[in-house]
Amino acid sequence: MWEKMETKTIVYDLDTSGGLMEQIQALLAPPKTDEAEKRSRKPEKESRRSGRATNHDSCDSCKEGGDLLCCDHCPAAFHLQCCNPPLSEEMLPPGEWMCHRCTVRRKKREQKKELGHVNGLVDKSSKRTTSPSSDTDLLDRPASKTELKAIAHARILERRASRPGTPTSNASTETPTSEHNDVDEDIVDVDEEPVAAEPDYVQPQLRRPFELLIAAAMERNPTQFQLPNELTCTTALPGSSKRRRKEETTGKNVKRTQHELDHNGLVPLPVKVCFTCNRSCRVAPLIQCDYCPLLFHMDCLEPPLTAMPLGRWMCPNHIEHVVLNQKNLTLSNRCQVFDRFQDTISQHVVKVDFLNRIHKKHPPNRRVLQSVKRRSLKVPDAIKSQYQFPPPLIAPAAIRDGELICSGVPEESQTHLLNSEHLATQAEQQEWLCSVVALQCSILKHLSAKQMPSPWDSEQTEKADIKPVIVTDSSITTSLQTADKAPLPSHYPLSCPSAVSTQNSLGCSPPHQPPTLEDISCSSCVEKSKKAPCGTANGPVNTEIKANGPHLYSSPTDSTDPRRLPGANTPLPGLTHRQGWPRPLTPPSAGGLQNHVGIIVKTENATGPSSCPQRSLVPVPSLPPSIPSSCASIENTSTLHRKTVQSQIGPSSTESRPLGSPPNATRVLTPPQAAGDSILATGANQRFCSPAPSSDGKVSPGTLSIGSALTVPSFPANSTAMVDLTNSLRAFMDVNGEIEINMLDEKLIKFLALQRVHQLFPSRVQASPGNVGTHPLASGGHHPEVQRKEVQARAVFCPLLGLGGAVNMCYRTLYIGTGADMDVCLTNYGHCNYVSGKHACIFYDENTKHYELLNYSEHGTTVDNVLYSCDFSEKTPPTPPSSIVAKVQSVIRRRRHQKQDEEPSEEAAMMSSQAQGPQRRPCNCKASSSSLIGGSGAGWEGTALLHHGSYIKLGCLQFVFSITEFATKQPKGDASLLQDGVLAEKLSLKPHQGPVLRSNSVP
């Protein structure tokens, strides 16, 4: 029964191993971040063999990655080309590969085994291979002398056998990069440790001191050379490369904490702002300084940056910028300066250092920046002597020898200027005018007081050569004044001194006495200065002007009606105006010289009408006493005759020229000369041809051209032969004004016939060598083709002493000297002992567009008061020759002296520029110009720059260089505007005003 009442045990299916608290805590726990799990995770590497598990990922030699060949016995890895010896893919072994170090050690172990068998130490050698400490045990136990010698000898053999057959690479050991190799060597090369413990036994067996080092180096793997750490620059200088994180190099945007920068320079919260503008990175990316916590925008920097810096960047708040920017600092100095300023600087130290500096008694010199030195040039001794001993000054450029030098009409660019801007003041003009009038009056008084020369001899005229001659403005004035000394009546109103000479030339001889020259006023000429200004009487010049190119003297004609003088049935023949002369065109040269082309008269007339009309050499009938000799009456008669001449020649170019325009001619300035000089020869008026007589044998005196009247035999202008010739022509005139040829004198007929022969045969007269200075009479009218082929003159070389003629420079060069082949032969201009055969040369430089003079003479040439001569200074000797050269020169010099002593003495023939023969004639030179050089004797051998009006002196011969383009500059403008009187007056220079000289461009 009790068995029935026994209860059964209840079994519950519950897990009693643990409670539910862990699960409850896991459900109630906060969420976990994944960063810890990611960081804790490590990539599982593949299981590799133990031998290759420690191989390096980069080459042990060059420390670069790539395809590497791994050693099977050590962790070393190499490129195929970095192995020792280098390998190729075909040379790779099929089985295991050992590096050079492992190969050497394997051979070493094998040799040790063989050596142990030889010496009967097989057991010990076997133990040595099994136990790494066998060598130490061997040394600890006592050994005999024979055993020690055997061991030492074995070590030497091992080192010799360990040398491979091929040499190692050029690289040596490298301390910081061979850490793995050193560890492996310590593990594997334990058997080498006893070598250091027994140096006494090894050293006596070594033959060379570095044999042990070489043996150790031969066992190492090849490595590239690198400086040790103590020699390498470890200072982080600005601009050096810095290590980047792997995320930056791979470009992965890794999530970082909020206080760090991302790789784009954007700064999340907490906000960091720019040090300059205090704005965040939302404006622009910020740049973090690598040496301080400051940040900057790229645009806030000075100067602003265009890109983010790649290396280390230092902000401008550091003092190192001032010190490190110096160019003379080396790398070691930069590192020292950078390390010095790395720590914080004490303000107290700065103050004390400043006080010590300012209280120093002898402060150090400041570093002064060396300024860039200009290129220095050594001043020649010739220029120094020129400033030390200046020559005497020449006359002013505006007035020379009492004659005004004008520069022509201003250019178009200067026409807008008023007359007062480029002319003298009114007071200066009045003073200049009074001086010119007083000068002319004194010249007339001097010339009128001279004695009249002897009359013309008719017999000498027949034998002498008949050459066409004409008188210029300056020479006619003085020559006609001395022709007739008859006084003028006191009641004649004379307008200017030129009227005296004009009336005297006309043959007037009233009984009354003339007034004094001081009482003569020039008021009428001043009033009519625009039409007929008074010119200066410079006197005749005995020269033959040699023309070089076509120069046509053309000017406007007056529009006044022809007037006849009261009491005379015919107009005054031969009275012409200067502006009516046509400019002659010269034929080719006739002397064999390139610059001696022809003959031309060049006058100084820069403004329209010329001076009072005393222009004719042909005498006219005497005037009645009641006729007033004024400039206007004579001007009208000259205009009448000029119109008559132009009607014979044909259409003239002078009709088309507006009134007031100056003639396009070359002006040559000649100084005043004595009254006894001969007449200036020219061919200016020889272009006019006298017509053939009519069928009835009568010729009208009005049809006689200027050329026929002026082309007379070369006799003095002041003789009475011309007056007699004119009177004989008037005696045979009939009532109608025609001349009966049958009634003419025989001499007059011969003269007219000879003139006609010159007109008909110009080529024969021109080709004759004696007529170089002459000019054909009709070449201008009969040979227009020749005129077009002629060359116009570039410049004129004019003498100042009255001898010789002016030479035109029509080509680029002009040679001056006493030689026969010179363009300007100085013997024609006077005698001087200090001139050379080839004295100087004038040439035109295309680069500088200027004329230049080059001196060849040892006497020198003075240009514009500056001496240009040869350099006679002692030249510095070159470097002394070597001993061998000096000995050879001494032998040659000694041999030359011996030959001179053996030869008979003869007079040494010397070449000299001075003429050999009779004694030289004296000249006006006191000494050669080269004597004016300073004591050093260094003359200036450069070229002289020539301008318009440059003064040239060759010895005692004086010349003036004139540029034709400068003297003939024409105003550019419309012809209709030039006809306006007001504008023409502004553009033209008045003759009584002193113009200001201006430089002009060279042609």
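Here the Cβ of each residue, glycine as well, is placed from N, Cα and C on the backbone.
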Discussion item. Among SER131, SER661, can you tell me which residue Swiss-Prot lists with the annotation phosphoserine?
Written reply: SER131
Worksheet item: To which residue among THR586, THR670 does Swiss-Prot attach the annotation phosphothreonine?
Response: THR670
Discussion item. For a quick check of understanding: among the recorded positions HIS297, HIS318, LYS899, which residue's Cβ has the most other Cβ atoms within 10 Å?
Written reply: HIS297
Worksheet item: Can you give the mean pLDDT for the zinc finger (56-105), rounded to a whole number?
Response: 88
Response to the item:
Around the recorded Zn(2+) 2 site (CYS289, CYS292, CYS315, HIS318), other residues with Cβ within 8 Å of the Cβ centre, ordered by sequence, are ASP290, TYR291, LEU294, MET314, PRO316, ASN317
Item to complete: Give the sequence-ordered list of residues that share a chain with CYS274 (Zn(2+) 3 binding site), lie 6 or more positions from it, and have CB atoms under 8 Å from its CB.
Response: SER280, VAL283, LEU286, LEU295, PHE296, HIS297, CYS300
Discussion item. As a quick check of your reading of DSSP, tell me how many residues in the region 'SIN3 interacting domain 1' (202-241) are helical, how many are strand and how many are coil.
Written reply: 12 helix, 0 strand, 28 coil
Worksheet entry | Shell of the Zn(2+) 3 site beyond CYS274, CYS277, HIS297, CYS300, same chain only (C-beta within 8 angstroms of their C-beta centre) | PHE275, THR276, ASN278, ARG279, VAL283, ALA284, LEU286, PHE296, ASP299
Practice prompt. Provide the three-state DSSP residue tally for the zinc finger (56-105): helix first, then strand, then coil.
Written response: 9 helix, 4 strand, 37 coil
Worksheet entry | Structural state of LYS899 (SUMO2 cross-link), classified by DSSP into three states | helix
Worksheet item: In the structure shown, which of the binding-site residues CYS277, CYS300, CYS315 has the fewest other Cβ atoms within 10 Å?
Response: CYS277
Discussion item. Given a 10 Å Cβ-Cβ cut-off, pick out the one of the binding-site residues CYS289, CYS292 that has the most other Cβ atoms nearby.
Written reply: CYS289
